[in-house]
């Protein structure tokens, strides 16, 4: 990743990878480090949610933060998403910068009024007088064997709403840099993590370990350069896309993989530049197909000069249009894989 230094602040640029892989870091540790650094940096920042303090969080994302920063900065709440989300929004109105953790974004539906009607609308309805600097974060999408009510992907839901920023990290670099940017942002940010990615380790450069490392919201990253097809994805879909790119390389297909990182604002320019080079486009997401992120990409392609650059129709790889089954074999059948991505690319390129 190319970087520029603004004063003491390291800011990640659009494309590429870290300058040097100094070590590895899990997504869990990256999120923990980001919150630790921002709580220390700004005394207006605090974390609240179910079991985030003494228990260290349901997924141990906040491990050690309560002991280090105390119960005014890391706050356990009752099991009432509507209640503690409302408290968090009110705190943001008052000038604090809360991080509101949902144990799973499936439960954010209990707090949807606070997110959509209070957090997302207040800056507009106050004519810019009342900013709402809040981060709603937690695991989103399919996990492992948690069935229909705990496996939903809300990316497209929240990206549909003006007034929100929506971020979907893939790697440890994404997780740390984007969460720090979200906490510093004066707008409400929905920060959609993935439970399966929490324990995965990624190489990180020296700059990622800096207290001042941030990744700009709204800028995609070219995870892998290629010439024959553009594969666009986010969150765990990037994993499938990169694995597919490796398989395609073995048959002589050079795939460019774009990690969107942010869904709103949306970096369509990176897609445009890539398709002008490859002339083929495949989108990958784990959520449902109807009105999904791939659908929005397709619409923007149709409405721009990118459409004239395509040598084949855009193809979408998505989850299956059903509630998530509980049975392991059926759950696997409901989610996209690298093989699905390879199949879509071959269809786009008209190769066997």
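Including glycine, each Cβ sits where the backbone N, Cα and C put it.
Taken from Swiss-Prot, the feature transit peptide covers 1-21.
Per Swiss-Prot, thiamine diphosphate binding site is recorded for 81. Long-range Cβ neighbours of residue 81 (thiamine diphosphate binding site) (same chain, at least 6 residues apart, Cβ-Cβ under 8 Å): 102, 107, 108, 110, 111. The DSSP secondary structure for residue 81 (thiamine diphosphate binding site) is helix.
The feature K(+) binding site is assigned by Swiss-Prot to 134, 182, 183, 185, 187. The local packing around residue 185 (K(+) binding site), expressed as other Cβ atoms within 10 Å of its Cβ over all shown chains, amounts to 17. Secondary structure at residue 185 (K(+) binding site), taken from DSSP and collapsed to helix, strand or coil, is coil.
Between the listed binding-site residues, namely 182, 183, 187, the fewest other CB atoms within 10 angstroms of a CB are found at 187. Here residue 134 (K(+) binding site) comes close to 88, 89, 91, 92, 97, 98, 99, 100, 119, 188, 189: these same-chain residues lie at least six apart in sequence, with C-beta atoms under 8 angstroms from its C-beta.
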